[in-house]
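Student: My questions all concern the structure below.
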Amino acid sequence: MIQILLAKADLKHHWQQNSLFVLASSLMIAINYIFLSLMANHSLADSSYGKVIINLLALGKNFTLIVAIFFMFYANSFLLRQRDRDLGLYNMLGMTKNNLRQILLFEKLFLYLVSVLVGLILGTTFIKLAFIILRNLLNNYHLYSKFSLDQLMQTFVFFGGVFLLLFIYDCWRLRQLRPAALWQQAVQAEKEPQAKRLLGIGGLLILGCGYWLAIKTKPNMAGISNFMLAVILVVIGTYAVFTAGSILLLHLLKSKQNFYYQPEHFIGISGMLYRMKQNAAGLATICILCTTILVTLTSSVSLVAGQQQLLSSWNPFELMLTTKEPLNPSRVQQIAQRNQVKLKQNQQLQITSPIYGSFSRNGYFKSGMTSKASVSLSVITLGEFNRVQHQNVKLKANQVLVDSPAGQRLTQMVIKGKIYRTKGYINLKAGNVDHSIFQPVFLVVSSNKIARQISSSHWIYQSGLDVSGSAKNRQNLATQLQQTLQLDNGSFSYRPEMQKFLRATFGSLLFVGILISFALAITTALIIYYKQSAEGLSDQQRFKTMQQVGLSQKESRQAIYGQVLLVFMLPIVGAVINTVFALPALSSVLKIFSLYDGWLLLRVCVLTIAILLIGYLLVYSLTTKVYQRLVNRSN
């Protein structure tokens, strides 16, 4: 059948672009197969906090599927544009639209079968590596991988649907265009776009609003909504700024004659101006993808790196208990002896039950369980503080001692219309009383009367116990204490169990973040490659003409590197700027997880940027060589 032979010839003719499409699609298929296999794994589901891990994996799978579909449509549109000349030629030779659709069908079928086959081979091969990584992140060595035909078939069917959509899109594109015009369209040049000042100014304003919202994001539920709005504004603003700003920049460089009329600059700037519509969208997409990689890795790595600090904040003692009545020491001692466990250290504080609200910059406390609430406030009397700490501190009626694990440093505060001045900062080792997302703040006041003026909530007892003994006996003690005192999980925590929960949550978050970042990196690299390939193919004739009138190979190389560098560095610079402005919002979101170390976040961010920059420059070097080889192919 002639259509099969022509489809085979087309695939062979564009083998480099098609092979990269197959490779990238295969990796996307492999990643999604790994997600599906992990989600269906019984050993993972039956492990501690298995449901939490599987829910996080499901989020990662859904996000990766969206990225895969976006990439495959983007790459498919590039491949179809490269075949426009061939399709136009076939039409001129008498082929009908139906013949052209048959060619596209055979091509899609071949690409699908090869992509799925390679992807599933990679997925079944690397699923064991994925389990090893996940086991180490979770510190759970009882996980095991098991081959499942169901997940393999799900992957096969889902991506079959994606390739079917690609084929439908190809057919729709053929229906919309006159096939005889495809030949001219393949070589049709872009008109020089005009600078759109209003779009540029509007984009800057939208981008500025997104940055302002990110900076103003607070560690509360309203802050999360603001952060999501900031993300949307930054995406819109980035596209607008790249679309208008890049054209304005090139027009500005063109107006500087001493700069513009140098060969290495003239070739790049003039060439970019005529393709800036596609370039701007591609550059903005690369910028957004790089920003997403930076934000994803920075946040997930910070949580894993800071989980020990978080554990110390939530569980300063091995056992933390919140009760309505003081603990009976002899009763606790009996349970400990029964389980062959020794009590090493204990602390019991009488505090008021937390009230929720937020502090303004001036120290005004606004109480109420609203979306803007970020603080849980508890009060301790000076007598109780001196008894527990074995001190003899004196306080005036308007003075307080402050314990704020989040690092709030207010010189004075106004609560219910009364001013209290901070005399000093302390560490009570009281933990997170109700295990909430709110930042705990403890105030030591001079008397019971002042305590009741600040908070009228009932008194509770926050107890901490350090114990020694075998791990099994300590676990039995924790279980019996919780059952005997009838405490729910919000009033009781056991450090090893809390550590398991944090490892399960943050370890799986990091695992998902790594896979998502890998998928985004594949997408970014292939978008850059296809963008450079398209420009290289378009510039072949232009460089050939210039070399015929005297452009040397050295000047050609300088022009190529200058053009690629001029455009190539804009997305990574934009991504770094976006990430820097996102740091305050990330810091606030991490505070909701009780991670208060801003320096840790900054160090992780700098390291992530450095790693991404190295990879980005490597892709820059490789794609520049591809571009140079393409423009010099006919010379």
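Every residue gets a Cβ built from N, Cα and C, even glycine.
Pulled from TrEMBL, these are the listed features:
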DOMAIN    63-168  domain 'ABC3 transporter permease C-terminal'
TRANSMEM  20-40  transmembrane segment
TRANSMEM  52-75  transmembrane segment
TRANSMEM  109-133  transmembrane segment
TRANSMEM  153-172  transmembrane segment
TRANSMEM  198-215  transmembrane segment
TRANSMEM  227-253  transmembrane segment
TRANSMEM  280-305  transmembrane segment
TRANSMEM  506-530  transmembrane segment
TRANSMEM  564-586  transmembrane segment
TRANSMEM  598-619  transmembrane segment
Student: Can you name the far-off residues of the same chain, 6+ from the ends of the transmembrane segment (598-619), with a Cβ under 8 Å from a Cβ of it?
Tutor: 290, 293-294, 297-298, 301-302, 305-306, 309, 521, 524-525, 528-529, 572, 575-576, 579, 583, 586-587, 590
Student: With CB pairs under 8 Å as the measure, which of the listed stretches 20-40, 506-530, 564-586 comes out on top against the transmembrane segment (227-253)?
Tutor: 564-586
Student: Looking at 198-215, 280-305, 506-530, which one has the highest count of Cβ pairs under 8 angstroms to the transmembrane segment (20-40)?
Tutor: 506-530
Student: Can you name the far-off residues of the same chain, 6+ from the ends of the transmembrane segment (280-305), with a Cβ under 8 Å from a Cβ of it?
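Tutor: Tertiary neighbours of the transmembrane segment (280-305) are 137, 234-235, 238-239, 241-243, 246-247, 506-507, 509-510, 512-514, 516-517, 520-521, 523-524, 527-528, 531, 567, 570-572, 574-576, 578-579, 582, 586, 589-590, 593, 595, 600-601, 604-605, 608-609, 612, 616.
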Student: Let's see if you can do this one: DSSP helix, strand and coil counts over the domain 'ABC3 transporter permease C-terminal' (63-168), in that order.
Tutor: 91 helix, 0 strand, 15 coil
Student: Could you tell me the mean pLDDT over the domain 'ABC3 transporter permease C-terminal' (63-168), as a whole number?
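Tutor: Mean pLDDT across the domain 'ABC3 transporter permease C-terminal' (63-168) comes out at 83.
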